[in-house]
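One structure is given below, encoded as structure tokens.
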Amino acid sequence: MSHLLTMSELSEVEISEILKDAEDFANGKESKTTEQTFVANLFFENSTRTRFSFEVAEKRLGLDVLNFSADASSVQKGETLYDTIRTLESIGTKAVVIRHEQDRYFDELKDQVNIPILNAGDGCGNHPTQCLLDLLTIKQEFGRFEGLQIAIVGDVRHSRVARSNAEALTKLGATIYFASPEEWKDEDNTFGTYKPLDELVPEVDVMMLLRVQHERHDHYETDIMKEYHEKHGLTVEREKRMKEGSIIMHPAPVNRDVEIASELVECERSRIFKQMENGVYVRMAVLKRALPNVLGGMKHELLV
């Protein structure tokens, strides 16, 4: 069964296949089911980009979308996530997309359910589809991963985006650096090396900024926000020192004038809205992989 839970479960070949399908969709290829197929979106945390991106992807593929509301469901009566998924499975749903506040919520589910789980983000743990759309954006820009230098900057400790990207990009041959306030370093993430931001600015090919996750911080940590942009954000002055041909990325939502100067969000280097566009194509590819009997499947040569 083609769950998509973490980037660690995907080989280089599987990543390449997903990216190739996503590129095909980006180039106008159509793939649409002619049989009624239900997919459920279960979002237990707030989301704009991921939720709507999945829904657009599902509808482009001709899938019938069930949007689950935890507040209006039997979760409020104590129903477990397992029972919710089994209920959806029993009434004919063929796959579930889940975002949940619990790290690795899927560990207790993946071997017990009979339909694919597509992880749309688990707590501070993993965000595989965000990683895949980031990979697609980088590949479109540079045509490769091998030898690229990539800085992941900001709230590394709380970021599922940092974990997924650092692991996958290292696997694909890129060199990863982190820049972060001391309070937000993640010493358990061994896929990169910490360096001062101002050393990285003129060196890296990709400046990947992370959202400051106010909802996961205590009061003490929130106090440093006043100085964050000056010390740890991408200011206009820092952008001017970036190397020629380098790009700016951010998973969004963006805290303007915190992680990045507002005037840089749509500057020439920025690929922030391109990432959002690519999210639809990647999620179409991931759904195709999860539902091969409905949407078909194809194999591609390794192109990383």
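For all residues, glycine too, the Cβ spot is worked out from N, Cα and C.
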Of the residues Arg86, Arg99, Arg289, only one is listed by Swiss-Prot in the carbamoyl phosphate site with Arg49, Thr50, His127, Gln130, Ala252, Pro253. Which is it?
Arg99
Give the sequence-ordered list of residues that share a chain with Ala252 (carbamoyl phosphate binding site), lie 6 or more positions from it, and have CB atoms under 8 Å from its CB.
Arg49, Arg211, Ile272, Gln275, Met276
Applying the rule Cβ within 8 Å of the centroid of the Cβ atoms of Arg49, Thr50, Arg99, His127, Gln130, Ala252, Pro253, what extra residues of the same chain belong around the carbamoyl phosphate site?
Ser47, Thr48, Ser53, Ala120, Gly121, Val161, Pro251, Gly279
Measure from the Cβ of His127 (carbamoyl phosphate binding site) and count the other Cβ atoms within 10 Å, all protein chains considered.
26
Starting from the Cβ of Arg160 (L-aspartate binding site), draw a 10 Å sphere and report how many other Cβ atoms land inside it.
22
About how far apart, in whole Å, are the alpha carbons (Cα) of Arg160 (L-aspartate binding site) and Arg99 (carbamoyl phosphate binding site)?
12
